[in-house]
Each structure stands twice: as C-alpha cells, then as structure tokens.
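What TrEMBL records for this protein:
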{"type": "COMPBIAS", "residues": "1-15", "note": "compositional bias 'Acidic residues'"}
{"type": "REGION", "residues": "1-72", "note": "region 'Disordered'"}
{"type": "COMPBIAS", "residues": "21-48", "note": "compositional bias 'Basic and acidic residues'"}
{"type": "COMPBIAS", "residues": "60-72", "note": "compositional bias 'Basic and acidic residues'"}
{"type": "DOMAIN", "residues": "80-120", "note": "domain 'Nascent polypeptide-associated complex subunit alpha-like UBA'"}
Amino acid sequence: MAAEGDVDLDLEAEENCTGKPTEKPRKHDSGAADLERVTDYAEEKEISSSDLETAMSVIGDRRSREQKAKQEREKELAKVTIKKEDVELIMGEMEISRGVAERSLREHMGNVVEALITLTN
C-alpha cells in the first residue's frame, strides 16, 4: 500500500546506506564570514551620542551664521536706490521679471551696464 512517492524515498535511502551523512555543497559559507566582517567593521565605527550632538550643534551654528549673513546682505541691498526706468529697461531688454531685474540692479548698486553684463553672462 505504498504510494509512488514512498517508493522513491526508499530508493534514495538505500543509495545512502554507507553510514555517512551526505554533504551539502558549500556555496554560501563564505557569505557568513563576509557578513561577520561587515558587522565587526560596523561595530568599530559606531558613533557616540556626544560626537553626534557636537556635530549637530556645529551644523546648527553654521546654518544660523549663514542665515544671519544672508539677512544682513538683504538689508544692504534694500538700502540701494534704483530708478524705475532702469528696472523697466532691464525687464524689456532681458525679458525677465521685475524681481530679477530689481535684484540685479541692487546687487550692482544701481549700475545698469554692470547689471546687464552680469545678466548676459
């Protein structure tokens, strides 16, 4: 009353009657060693929380200094007087928006020629 699948299993068992367990091919043994090396490396390179806090504070300080410098630059540019005719000239010649034309003029202290040269480059 054995099924066909049972017969096949019995034949395989008879072939391996030498008493030695069959060896499996060692395809992935080197992968385990590689994984162990990677985890060892990662453990060596862990960052302490104090180092992380220090780095974050340095980054925060740098950002705040850059933002402060940018605000000061904007204040300086806002003080520069520009002529409405110059803004319209640059807008017409370069086909740019009013904001870009005004910004360029302010950056060049109201000098139309320098503003146009910079916009063409």
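Easy rule for this one: first residue shown is 1, then count along the chain.
From the backbone N, Cα and C atoms, a Cβ is placed for every residue, glycine too.
Across the domain 'Nascent polypeptide-associated complex subunit alpha-like UBA' (80-120), DSSP helix (H, G, I), strand (E, B) and coil residues number 30 helix, 0 strand, 11 coil. Remark: secondary structure over the compositional bias 'Basic and acidic residues' (60-72) totals 13 helix, 0 strand, 0 coil, with classes taken from DSSP.
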